[in-house]
Amino acid sequence: MSTHAETRAITAADIRAAKNTRRLAMLTAYDYPTASIADEGGMDMLLVGDSLAMVVLGHEDTLSVTLDEMIHHCRAVTRGASRALVVGDLPFMTYEQGPDQAMHSAARLFREGGVRAVKLEGGKEVAPQVEALVKAGIPVMGHIGLTPQRVAALGGFKVQGRSAAAARSLAEDARILEDAGCFALVLEAIPAPVAAHITRTSGIPTIGIGAGAQCDGQVLVVHDMLGLFDRFTPKFVKRYAELRGHAVKAVQQYGDEVRQGEFPAAQHSFGMPEDEQRRWEENVSGADD
């Protein structure tokens, strides 16, 4: 059970200031009830990730989700989170063309979605976008390593940075993104020693997902850690509950009780005052005659 008692809304500046002071906990959220649960559970940050394409909308990858869909879900999450910092993903092809496109997309996530930070994928190639957004007052979280929006170019969902050259490239990307103004950096599916090095040498918090225990914080997809998504489970996921199985059993029990006439019972139904019911029955009886 979380003992985190802070009630003030967390800001991107708070997250950056947490470097070397405390570990950060982050989960994805895509709707009001999940956001409310995660917020009450003491999460520092909630990510409205483009992973909603897979775990909520049923797509095979994250590439299909649109900016309008992201805004729709961001609205729901921001209504459910009173304390945690809500970060919205910029989806595929809404920022890659340059700073102007990134500014337009991020502004919509802020104004229409209500988020207080955005996340974008990529290394040195997106530094100009990061710089422009930060200059405009929009906090940016970076994301390197396995970047799902580039899964086609990466040849699938594979661990990144396993060669010395690739590891050096990741470390360089981390430095460039920090210099561009990112307040935090997601490290996804990279070797633990590489993530540890980036964490030690970076002045901003690193948030790991499949990047070992030495990161400044961790993030998981909420459907994975609660056992709600059964299509596949990444190696780096720990399941803290198996809610899908419980939910299926509950639905089956409901169906059985409906078909057997056991639901609704008297306590689930509404009655009438006795005198009004008597008048009603007399009226019905008279109409039948």
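Just so you know, glycine gets a Cβ as well, placed from its N, Cα and C.
As written in Swiss-Prot, here are the features:
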BINDING   Asp50, Ser51, Asp89, Lys119  3-methyl-2-oxobutanoate binding site
BINDING   Asp50, Asp89, Glu121  Mg(2+) binding site
ACT_SITE  Glu188  active site, proton acceptor
REGION    266-289  region 'Disordered'
Whole-number Å value for how far Glu121 (Mg(2+) binding site) lies from Ser51 (3-methyl-2-oxobutanoate binding site) (Cα to Cα): 13
Surrounding CB atoms that lie within 10 Å of the CB of Glu121 (Mg(2+) binding site), all protein chains: 24
C-beta crowding around Lys119 (3-methyl-2-oxobutanoate binding site), within 10 angstroms: 25
Pairwise Cα distance for Lys119 (3-methyl-2-oxobutanoate binding site)/the residue listed as 'active site, proton acceptor' [Å, integer]: 13
For Asp89 (3-methyl-2-oxobutanoate binding site), the three-state class that DSSP assigns: strand
Helix-strand-coil residue split for the region 'Disordered' (266-289), DSSP-based: 18 helix, 0 strand, 6 coil
Any further residue of that chain within 8 Å (Cβ to the Cβ centroid of Asp50, Ser51, Asp89, Lys119) of the recorded 3-methyl-2-oxobutanoate site: Thr28, Leu47, Val48, Gly49, Leu52, Thr62, Met70, Gly88, Leu90, Pro91
Integer Å distance between the CA atoms belonging to Glu121 (Mg(2+) binding site) and Asp89 (3-methyl-2-oxobutanoate binding site): 9
Least surrounded among the recorded positions, given as Asp50, Asp89, Glu188, when other CB atoms within 10 Å are counted: Glu188
Count of other CB atoms lying within 10 Å of the CB belonging to Ser51 (3-methyl-2-oxobutanoate binding site): 23
